[in-house]
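A.B. asks: So that we are looking at the same thing, I have put the structure below in structure tokens.
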Amino acid sequence: MSILPIVTAPDERLKQKSHRVLEVTDQTRKFMDDMLKTMYHEDAAGLAAVQVGILKRILVIDIKDHDPVERPKDFYPLFIVNPDIIDKSEELVTANEGCISVPRQRVEVARPESIKIKYLDYHNKQQELEANDWLARVIQHEYDHLEGKLMIDYLSSLKRDVVLRKLKKLKNNIV
């Protein structure tokens, strides 16, 4: 397994919508394994394929150490391919989020408290998952990446521009 390079804002790839995967193959699984290793290396809760430069609708998530819900031992890591949010609660919960593609920034984001998704798993099997609390937030954050949306897109344009200027300076090692 390889550690993949992280794409950071303002890279334009992060603003593009990712493409559906036709089938989960051995090659797809190897890529997901590399994504997982990269996510652990970055100490992240989740990772979308676009964050490593691949515009495919693939997510990996592992929050087992922070999930308040008791789950089966083999529940994590989650490999989520072609996710579709098929239901979401009307109740919104606001929380502070960070993102490895938006380094050194934290943003308050309001998201539905619970969601239901359908997706393909690691073995190309159709699955449905109801998630709430922290897992719902992580899935929605990563799902936004697949749609070309970053957490800073929830900010006002003025605040977003300030963050983007900071990120450009950081990228150019001016900070």
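One is the number of the first residue shown, and numbering goes on along the chain from there.
Glycine is no exception: its Cβ is also placed from the backbone N, Cα and C atoms.
Straight out of Swiss-Prot:
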ACT_SITE  Glu142  active site
BINDING   Cys99, His141, His145  Fe cation binding site
A.B. asks: Please give me the CB contact count at 10 A for His141 (Fe cation binding site), counting all chains in the structure.
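C.D. replies: Its Cβ shell of radius 10 Å holds 23 other Cβ atoms.
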A.B. asks: Other than Cys99, His141, His145 themselves, what residues in this chain have Cβ atoms within 8 Å of the centroid of the Fe cation site's Cβ atoms?
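C.D. replies: Leaving out the recorded residues gives Gly46, Ala48, Gln51, Glu97, Ser101, Val102, Glu142, Asp144, Leu150, Met151.
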A.B. asks: Using Cβ atoms only, which residues of the same chain lie under 8 Å from Cys99 (Fe cation binding site) while being at least 6 residues apart in sequence?
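C.D. replies: Sequence-distant Cβ neighbours: Gln105, His141, Leu150, Met151.
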A.B. asks: Would you mind checking how many other C-beta atoms are within 10 angstroms of the C-beta on His145 (Fe cation binding site)?
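C.D. replies: Its Cβ shell of radius 10 Å holds 24 other Cβ atoms.
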A.B. asks: What three-state secondary structure does DSSP assign to the residue listed as 'active site'?
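C.D. replies: The residue in question, the residue listed as 'active site', is helix (DSSP, three-state).
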